[in-house]
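K.L.:
Structure provided below as C-alpha cells; questions to follow.
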Amino acid sequence: MNSKIRHIHMVGIGGAGMSGIAEVLLNLKYEISGSDMSDSAVVRHLRSLGARIAVGHAAENVGDVQVLVKSTAISDDNPELVEARKRNIAIIPRAEMLAELMRLRQGIAIAGTHGKTTTTSLTASIFDEAGLDPTVIIGGRLNVYGANAHLGHGEYLIAEADESDGSFLCLLPIINVVTNVDEDHLDHYKTREAINSAFVQFMNNVPFYGLNIVCGDDPGVLELLPQVKRPVLTYGFAEDNALRAVPLESGRISRFQVWLHDEKLGEVSLPQPGRHNILNALASIGAAMEVGISFEKCAAGLCGFKGVGRRFEFKGEKQGVTVVDDYGHHPAEIAATLATARQVFEGRRIVAAFQPHRFSRTEAHFGEFCKVFNNVDQLLLTEIYAASENPIPGVSGQSLAQGIRQVSSTPVEYFQTLDDLARALPDILQEGDVLLTLGAGNITRLGPTWLEGLDHA
C-alpha cells in the first residue's frame with residue numbers, strides 16, 4: 001500500500017479472519033478503527049494493540065479513513081458501508097486486504113472446505129522451527145503466538161484462504177494447499193459446480209513456477225485435477241500419492257512414516273490425534289519442503305506443535321468428566337472429530353453438545369446432520385447459531401432434533417438456549433464421560449461454564 005493509506009476501518013473486525021489481518025496491520029503501524037457486534041476477548045485484544053473499536057454498527061463509526069474492509073458476514077445495507085459509499089471511500093473484502101499483505105511477501109495459501117486452520121498452523125510451526133519467522137494469518141488462536149496472527153520478519157506469509165464467498169480468488173500465492181473440496185457455503189455458490197469452478201480457478205492462479213499441494217485421497221479434489229493447468233503434488237494415505245503417510249500409532253499422539261515417491265523420509269510424532277490431522281501434517285510438510293526446509297526440520301516443527309484453539313482442544317477435567325471443544329460445524333468435520341474422540345477415549349461415554357451454525361448450512365445438509373451423530377452415546381442439541389442470517393421457515397434446532405430421532409437410535413435432547421443446556425448438564429454428565437462441544441458459534445462457552453460450576457453460558 002502506498003503512503004496515501006494511513007487509516008483503515010474494518011467492519012466485523014472481531015471475526016476470525018478479520019482480526020488476524022487487523023493485528024498484522026496494527027503491527028505495521030497503520031491506524032486501525034473498526035466495529036463489531038460484540039465486545040469479545042478478540043476485540044479487547046485488538047484495542048490493547050491500539051485499535052479503536054465500537055460495539056455495534058453506525059454511520060458515525062466511519063471517521064477520516066481511506067479504505068473500509070468488510071467481513072464476509074457484513075451485508076451491503078450495513079450503515080457503515082452505506083456511509084462509506086456516500087463519501088466515495090473504497091470498500092474492499094477482507095481477502096483483498098490479505099492479498100495486499102501477501103503481495104509484499106512470498107505467499108502460501110491454505111484452502112479447503114475443512115482443515116484450513118490446523119494446516120496453516122502446522123505449516124507455521126515448521127517454518128518457525130526452520131528459523132524463517134513467517135508472517136501468519138489464520139482463523140483460530142495459535143497457542144504458540146497467543147493470537148491468530150503474527151508479523152514475522154521473514155519473506156513468507158502463510159495464510160488461511162477462506163473460500164466461503166469466493167474472495168480467496170483475490171490471492172496470488174506461490175504455493176497453494178487444498179485440503180479437500182466439499183459442498184458448503186451454498187448460500188453464496190448455489191451449486192456444487194460453482195464451488196468446483198472456484199477451486200479450479202484458485203489452483204490455476206499460482207504462477208507457472210508455483211505448486212498446488214492437494215489431498216489425493218479426497219474425491220472432490222481428484223475430480224478437479226484434470227482442469228488444473230499448474231504443477232500439482234498429491235498427498236494422502238493412498239499409495240498413488242506422491243507424498244504419503246503410513247500410520248504407526250494412534251491415540252493422543254499420531255505417529256507415522258512419511259514417504260516421497262519411493263523414498264522413506266522418516267517418522268513424525270504429532271501431538272494431535274486423528275487421521276485427518278495426519279493429512280493436515282502431510283500438507284504442511286509438502287509446503288515446507290517445496291521452499292527447501294529439510295524433512296528433519298519438518299518433523300521437529302510438527303513434534304513441537306502447540307496446538308490451535310477450538311481444534312479438539314482439551315479444556316479440562318472435573319468429577320471424572322473430560323471436556324473437549326471443537327470448531328467442527330459441517331457433517332464431514334463432525335464425523336472426523338467423532339472418530340477421533342472414539343479413538344482417543346476408547347470405551348468411554350461420549351456426550352456431544354452441538355450447536356448448528358447458520359440456517360442455510362443446516363438446511364443444505366439436513367440429512368447428513370441427522371445421521372452423523374450415530375456413534376455418540378448422547379446428543380445435546382441447541383438452537384441454530386444464526387451468524388447474521390435470517391431464519392428459514394421449518395429449519396431450526398428443534399426440527400433437526402426431530403429429524404435425528406427419526407433415523408438414529410442416539411438419545412437426543414433439545415435445548416432452546418445455551419443457558420438451558422448449561423443448567424441441565426449436572427444432571428446429564430456422569431463420571432467417566434467425555435463432554436465434546438461442537439460448533440462454530442458460542443457453544444465454546446459451555447465447557448468452561450460447567451468446569452467453573454456456573455449455571456449460565
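Each residue, glycine too, has its Cβ placed from N, Cα and C.
Straight from Swiss-Prot, here's the annotation block:
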- Gly112, Thr113, His114, Gly115, Lys116, Thr117, Thr118: ATP binding site (BINDING)
K.L.:
Under DSSP, is Thr113 (ATP binding site) helix, strand or coil?
P.N.:
coil
K.L.:
What is the total of other Cβ atoms whose distance to the Cβ of Thr113 (ATP binding site) is within 10 Å?
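P.N.:
Summing over all protein chains shown, Thr113 (ATP binding site) has 22 other Cβ atoms within 10 Å.
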K.L.:
Excluding near sequence neighbours, so keeping only residues 6 or more apart in the same chain, what lies with its CB under 8 A of Gly112 (ATP binding site)?
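P.N.:
Spatial neighbours, sequence-distant, of Gly112 (ATP binding site): Thr119, Glu163, Val177, Val178, Thr179, Asn180, Val181, Cys215.
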K.L.:
Using other CB atoms within 10 angstroms as the count, which residue among the binding-site residues Thr117, Thr118 scores least?
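P.N.:
Comparing Cβ neighbours within 10 Å for the binding-site residues Thr117, Thr118, Thr117 has the fewest.
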K.L.:
So among the binding-site residues His114, Lys116, who's got the most Cβ atoms within 10 Å?
P.N.:
Lys116
K.L.:
Centre the Cβ atoms of Gly112, Thr113, His114, Gly115, Lys116, Thr117, Thr118, go out 8 Å, and tell me which other residues of that chain have a Cβ in range of the ATP site.
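P.N.:
Counting only non-site residues, the set is Ile110, Thr119, Thr179, Asn180, Asn280.
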K.L.:
Can you check which residues sit near Gly115 (ATP binding site), meaning Cβ under 8 Å from its Cβ, same chain, 6 or more apart in sequence, and list them in order?
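P.N.:
Looking at Cβ-Cβ distances below 8 Å from Gly115 (ATP binding site), excluding near sequence neighbours, one finds Thr179, Asn180, His276, Leu279, Asn280, Ala283.
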K.L.:
Specify the secondary structure state of Thr118 (ATP binding site) as given by DSSP, simplified to three classes.
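P.N.:
DSSP call for Thr118 (ATP binding site): helix.
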